[in-house]
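Taken from TrEMBL, the feature domain 'Major facilitator superfamily (MFS) profile' applies to 12-500. If you look up TrEMBL, you'll see 12-38, 44-65, 77-96, 102-126, 138-157, 163-186, 198-216, 277-300, 312-330, 370-392, 413-431, 469-493 (among others) marked as transmembrane segment.
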Amino acid sequence: MVLVAPSRRKVIFAGLMLAMVLAALDQSIVSTALPVIASDLGGLVHMTWVVTAFMLTSTISAPLYGKLSDMYGRRPLFAISIVLFLVASGLCGSAQTMMQLILFRGLQGLGAGGLMTLSQTVIGSIVTPTERGRYQGLFTGAFAVSSVAGPLLGGIITSHASWRWVFLINVPIGVVSLALVMSALPKGLRGGRHRIDYAGAALLSIGTAALLLLLNSGGAATEVASAHANAAMDALLSRIGLGLLAVLAFGLLLVVEHRAAEPILDLTLFRLPPYAISVAASGCMAFAMMGSLVFMPLYYQLVLGQTPAESGMMMLPQVIAMMISSVVGGRISSRTKRFTQLLALGVFLEFLGLALLATCAHFGAPVWAFLAVMALLGMGMGIGMPNATVVVQNAVPPTSLGAATASMSFVRSLGGSLGTALSGGVMAFALHQRLASLPLDVDVTTLLEHGISAMRALPVAQQHMLAHAYQGAIGTSLITGGFLMFIAFVMVFRLSRRSSA
């Protein structure tokens with residue numbers, strides 16, 4: 001821990017909060033600007049890579065920043081990450097083609113991965129273990145607000161100015177963040193010579209890239225049902241290739257990291273039950289969060305017949321509850337020091353929320369019931385996520401703080417991607433089974449590919465049948481996250497019993 005005066009700590013925290021907000025905003029702010037960007041730059045078929053490139057590089061770079069900050073200090077690594085992020089933001093704002101924008105977004109993700117990880121690591125390094133809960137709760141609250149504000153802010157900027165300001169707005173805010181942190185954060189450089197784990201870094205990057213590309217390559221159910229047999233076979237072969245590459249890379253990574261002098265992923269940390277269980281719980285919470293955030297708006301529109309704006313408003317109770325509970329829960333944890341017990345409470349509330357949400361979705365429920373359950377789900381996330389970070393940081397020695405925090409961020413990112421992909425796969429399979437037995441005037445492939453537009457072209461009676469099919473399919477997909485959260489709760493509950501004994 002680095003001793004910092006309270007006045008300097010406030011300055012550092014303000015700078016870190018700005019950095020966290022910037023990185024979180026850029027995960028979602030571009031979504032509402034993509035149609036305008038595609039019409040301006042062209043390359044509509046490559047549009048989704050603007051999001052995917054950022055996600056790939058930010059996920060891959062997070063563990064690297066964490067380990068390097070343990071070796072060479074937090075200050076220089078934070079400076080590198082934010083300068084890289086700002087330069088890339090300027091380049092994104094000046095891109096002339098879609099391919100340039102995709103390349104620059106990948107570069108921006110390399111910086112964002114450091115901002116997300118190092119913000120939590122730095123604050124963990126300058127406050128006492130008992131104070132970490134309060135600060136991590138504030139970070140979680142800021143992340144929740146940014147997740148909602150991103151698409152809204154992107155839409156406002158695109159409507160009233162050029163889409164380029166979606167990226168250029170980062171520059172002045174980032175400069176302020178850099179100035180605040182650099183003016184108050186001590187150097188704290190590590191002494192001695194270090195051996196960078198190049199082999200581990202390469203294998204981690206290859207395996208993660210292959211896995212994320214596999215998870216984000218689309219729904220298998222649509223292609224199995226597709227009439228384009230050759231295209232479906234090519235897609236299947238590419239998935240098999242990506243899967244094999246991911247398995248090979250991660251398998252070799254385990255061997256390399258056991259032998260490395262200073263491994264990127266310190267596998268010995270997983271021998272610590274608080275660390276291992278909290279990291280796993282973080283991945284489960286991210287899985288459940290992304291599953292609900294992605295598929296509940298779909299439910300509201302397809303089953304309840306709401307507009308996109310109305311479905312977005314339906315998500316607000318989850319985000320508001322997450323924001324409030326993270327701040328309040330962080331203060332309570334800092335006072336009571338019962339971090340593991342509060343983590344167990346958060347995981348239980350998230351499990352209960354998902355179980356109730358799956359029940360409401362499967363059998364149907366009034367709007368107020370969905371709003372109440374979404375608030376319960378958000379409350380569980382707000383209490384659980386920051387306390388998971390605190391338990392992880394308190395379980396490891398100060399020299400491993402960066403690597404431990406980064407590993408948790410890495411697992412969260414993978415958990416979120418798995419939540420979207422596996423929940424989507426379960427939903428697509430369940431929906432395909434239900435649609436195959438319905439007497440509809442359109443084929444299953446068209447419905448899976450075009451969703452709402454294809455549904456609204458059907459007669460009213462068939463729309464009701466289709467809505468019922470979506471109702472059951474989305475309810476089934478939510479059960480997947482609920483089952484995972486139950487397993488996480490059992491593990492965390494046993495850990496909390498052990499820590500209170």
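Keep in mind that glycine also has a Cβ here, set from the backbone N, Cα and C atoms.
Contact check: the transmembrane segment (277-300) against the transmembrane segment (370-392) gives at least three Cβ pairs closer than 8 Å, residues 6 or more apart, which meets the contact criterion. Looking at 12-38, 138-157, 198-216, 469-493, the range that has the most CB pairs within less than 8 A of the transmembrane segment (413-431) turns out to be 469-493. Here the domain 'Major facilitator superfamily (MFS) profile' (12-500) has a mean pLDDT of 84 out of 100.
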